[in-house]
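Database features (TrEMBL):
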{"type": "REGION", "residues": "1-46", "note": "region 'Disordered'"}
{"type": "COMPBIAS", "residues": "8-23", "note": "compositional bias 'Polar residues'"}
{"type": "TRANSMEM", "residues": "81-99", "note": "transmembrane segment"}
{"type": "TRANSMEM", "residues": "105-122", "note": "transmembrane segment"}
{"type": "TRANSMEM", "residues": "143-162", "note": "transmembrane segment"}
{"type": "TRANSMEM", "residues": "174-203", "note": "transmembrane segment"}
{"type": "TRANSMEM", "residues": "223-243", "note": "transmembrane segment"}
{"type": "BINDING", "residues": "D317, D361", "note": "Mg(2+) 1 binding site"}
{"type": "REGION", "residues": "500-531", "note": "region 'Disordered'"}
{"type": "TRANSMEM", "residues": "611-631", "note": "transmembrane segment"}
{"type": "TRANSMEM", "residues": "638-664", "note": "transmembrane segment"}
{"type": "TRANSMEM", "residues": "684-708", "note": "transmembrane segment"}
{"type": "TRANSMEM", "residues": "752-775", "note": "transmembrane segment"}
{"type": "TRANSMEM", "residues": "781-805", "note": "transmembrane segment"}
{"type": "TRANSMEM", "residues": "817-836", "note": "transmembrane segment"}
Amino acid sequence: MPEEKASNLENGQTTAASTPSHSQKAKRQKTPTRRRPPNEGDVVAGGVGITGGGVVILPQHVLNELYHNYSIKQRRSGLKWFLFAAVLFNLWTICIPWEQALPTRVVNCSMLLAYMALTALLHIGRGSEQPSLRRFHQSLLTIVPRALWFLSMLHFAAYVMLQDSFSPRDVLGWAILLNFLIYVTLPLPLIFLGLVIGFCTYFNCLSLPVGFSRPDRLISDQAAANAVLIATAALIGLLYYFMGEAKQKRAFLEAKKSLEVKMVIEEQSAEQERLLLSVLPKHVAIKMREDLGSSSSEAFKKIYMSRHENVSILYADIVGFTAISSTYSAQDLVKMLNELFARFDRLAEKYQQLRIKILGDCYYCISGAPDERPDHAVLCVHMGLSMVKAIKYVQQKANSPVDMRVGIHTGAVLAGILGQRQWQFDVYSKDVELANKMESSGKAGRVHISDKTLAFLNGEFEVEPAFGEKREELLRIAGLKTYFITKVVKPFASPCSKKINESKSEDANHSPDSNASSNDSNENAGDDNDATLDDEELLAQSVVINGHNPTAAEDEEEQIKLENFKQRLKDELVTRDGHENLTKDTNIFLRFKNPQLEQAYAVYREPYSSLPLLAALLVQCIDVLYSYLVLPRSTLHFINIAAPLVPIAMLVAISIAESFGGMLPKFFVDVSKRFNDITFVRELAAIIIALTIGLSNVIDMFFFVTFVRTEHIVSESEFNATAGLEEVVTAEHLLPESFVEQMRDAVPTERVLYPSYLSNFSVLILIAIAVIAQLTHLTKILLLLSIAALHCYFNVCIMQDLYVLEDDLANQPLISTRYCASGLLLVAALSLSFLARHMDHEDRVIFKWKTEVAEQKETANDMRQRNEALVYNVLPVHVAEHFMKNTKRSHDDLYSQSYAEVGVLFASMPNFSDFYSEETVNNQGLECLRFLNEVISDFDALLELPQFQDIIKIKTIGSTYMAASGINLQRNLRNDAPITERWSHLAVLVEFALELKHALQGINEQSFNHFVLKMGINHGPITAGVIGARKPHYDIWGNTVNVASRMESTGKAGAVQVTEETCKILEPFGYMFQQRGLVVVKGKGQLMTYYLQGKSESSTAAVPKAAIELHGAEEGAETGTAPVSNLECSTELEADIKTPLLKLKAKDAATEAAATESCLSNGTVGESQSLLE
């Protein structure tokens, strides 16, 4: 149906589920979707709980597959930094040993070329439009990471094997860095990474240097130290891997949840929009949604009205319906009208009519507006003829000689809506009034047209004079001639009929009596009345025959939702590349160009973001362990490296305590949260930790020579033998001469230790600094380069004597170990600096995605709220929810409810018809309607007051305002409740009527007019419901409504007329009445009526209190707090939906609450059949 495919008015998107092909449908019907309640971890999409649609469950394995692809894609951006580090190490192997054997130089250069080739391969097919190249590129993205790891391992092994003299210390720094990088930068799944690559890397980096090392009596100690240092790097890499996975998973789940919410909101919005567009034309709905919540500085309130020329107006009334209504209950009557008007709505779709209103038993529509079309009059006549035929349904149902009287007139109309609440599209003009008179002056079973309409029929119908101008004075004054349609000359062929004819012809080709069928069809084509209902029934049958039964359709819809959700989640997460898109939002220093966004990022903390600080604590602990194996076992040395553990442990503990809220005391966790909430404090703590572990190693290097001499490890002769090689400032020259003399008396031992381990250990320190999440990449790069430079300085200048000794033990390599170690340290510092920038970039990408997800949800939610605000201003809240939740309902299903104690008010301005004129000076009547819009809007504004929260506006008809009280689903009264409690809402309705008079009086004073209100009030049972569910129209019916309408029409200007029964109920509330006398009421005979005179002063304050008591309390509220508590009686869902929109208009909290309650409790649209008469 057209309304089921209603497009989004703002962005033009259709509903989430697209229509599959016939073959796809047939295939899906064979394997219907299995329904089950959602389990934890499953993705649920669709209208769950809100729209009432079926639950579509995304299997867990599908969700895991989507996340796997998403995670791998996001990790691919780190691959280039692994390649960058490998190339730097390759350059180190080429440049540092200046004189290499030819095989070694060839191998190193070949490896460099291989790295360049892998880099070039990554760009093949990237961004290509050709599917084959894209597939090839995807295959490369899977192969290259594994190939790159294998190449790095091959290079490492080749370098170790090709060295003439090698020790386990020579490339230890690279082995440490490599074991960290494989976990952080390679886009490989964890299982494969952990079990194969991680183990192989660790084994190769540990075993190859030891296996190909020259003989050394301390080889076992060095192997143990290497194992500890490399394992620590791998542990830090795994820690960062899990932290990165947790961040990506949170981003994935947040985006998934956001998409679920968006899809539910879209489904909701589609249903809301279908509902909205069934009542309001598209252009009006768009404009109203744009203006919703905006403040206007204009003197007059916004009016949505436009003039249309050459519009055909059709009025149709059921003749004899009053007699039927007296024999049927209101519930049965509403059901009958619903079935009839549902048929009329289908006819309106077929003949391109815009239904305006249903007035009791009267139905009227227009053609030619808001979209102009030349055949508007022809379509209107076809519509009228089909309606006359459709009334046969009521004749059979009621077994009564009822008939249809149709009148059509063509002219100009002002089409739009009036007021600020309970909008309904309507038309106004003198020509509309003439069309109404055309109907009333017509004859049962005939279509009565004016000569203005006849001029647009182009001879497609035969007519005869009707002389309606003799039966209706207004037609004679307007100079109209009227006619009856007698015969259809040119039959109308609707799209529906064409489909049926095609279906018939296909069946006829396979039928033996196809000729007879063809002849029958030709004969029926000449019938003056379309076989409309028969055509629709046949089309419905053909749909069922084709296999589209409701059950299969539901299964198809579920399957479509599941596939749609999978595809949209893939598009949302897997195909986006935030690493490239971030460049337009940041500068060269990776700072967001938007200052507010940068400030929000500085304050924002990822959950568990403090955990990487554990790496610093781990590194400092490992310093104690590894140095015990290969460094001097000095008391001062252990004090130097153990002392920083205390402040580091304290700072790390207070930083990470909030991540373990369930395992630590609440006081400690609260202190940790406050500590981390202050950006400067947590950044300062991270800097202190980084400097502490870095400077601790530097101090260790500074006192290394002193420690060696003090512990009698190296003799003076050994220093003298090596010190002459180079004249460089040593630690000896920096110490007091007396202290140096004491060291010279030391007795040498046979143990020799290795200062290069201090430099290799600094690589582990740089890794620990690089993973700290509290610092920006600029701060980390500054720390990394500073600490690396300081270590290089100590290697080259301060510890040169010990490195010379180590070189002597290594048979004097061409390049001193201190230069090799410093070069490798710079390789690690540069690699980790670029990696730190990448980590910051990745964090900013995730943060930007979070903000985008929040913005998308806010936009979608704002769209839903605007749609709901419009829908709830067309239908009452509980009615709108019924229609939106029951998306599987039949369009012709009846919604109705009965109420036993309801008050009904009619208020009209009898002298407005004299005020209205269609002249150039008032813009063809538009300015008159603008004034009426001001009046109705002021009336609507009264409903926002707290004391009138139980009043519901039903509708307006011209200048007549209709409202009701007691239509409240929350009323729960005792059977023995007193009258003052049961009917307090009726007293509030009277107060509302008096406020209408005061409001109109204020308008008169401002506009220098003299309009008066004529009002009637009645009470009793009514039936409320929606008829014509294809285009929902809320209305109330019953004897109570008829009598209230008569009280208004037979009353006098400026007075409120009530029946005797209503008078007796209102007297206990302090109202005073004047007896008018007996009044003749159609269908009721003579009724005693009274005019309201006013209210005694002693009971002035009683009504509002009683009214609020009725809203939800069983006992009478005697305190002033009752109004506040009862104002919050509406459901949480309704309040949450409306409050944000009402805040745009409200000036204070009290007005917001009142507006929320009144907007939610009102929303009815309807008319009484007696009003037309």
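Heads up, the Cβ atoms here are built off N, Cα and C, so glycines get one too.
Non-local neighbours of the transmembrane segment (638-664) in the same chain are 607-608, 610-611, 613-614, 616-617, 620-621, 623-624, 627, 671-673, 675-676, 682, 685-686, 688-689, 692-693, 696, 699-700, 703, 774; each lies 6+ residues outside the stretch with a CB under 8 Å from one of its CB atoms.
Counting only same-chain residues 6+ beyond the ends of the transmembrane segment (174-203), those with a CB under 8 A from a CB of the stretch are 68, 72-73, 75-76, 78-79, 81-82, 85, 89, 92, 141, 145-146, 148-149, 152-153, 156, 209, 226, 229-234, 236-238, 240-241, 244-245, 760, 763-764, 767, 824, 827-828, 831-832, 835. Simply put, out of 105-122, 143-162, 611-631, 684-708, 611-631 has the most Cβ pairs sitting under 8 Å from the transmembrane segment (223-243).
With a threshold of 8 Å between CB atoms, the same-chain residues lying at least 6 positions outside the transmembrane segment (611-631) that come near it are 218, 221-222, 224-225, 228-229, 232, 235-236, 239-240, 243, 637-638, 641-642, 644-645, 648-649, 651-652, 655-656, 659, 686, 689-690, 692-693, 696-697, 700, 753-754, 757-758, 761, 764-765, 767-769, 771-774. Counting every protein chain shown, the Cβ of D317 (Mg(2+) 1 binding site) has 24 other Cβ atoms within 10 Å.
Residue density at D361 (Mg(2+) 1 binding site): 25 other Cβ atoms are found within 10 A of its Cβ, drawing on all protein chains shown.
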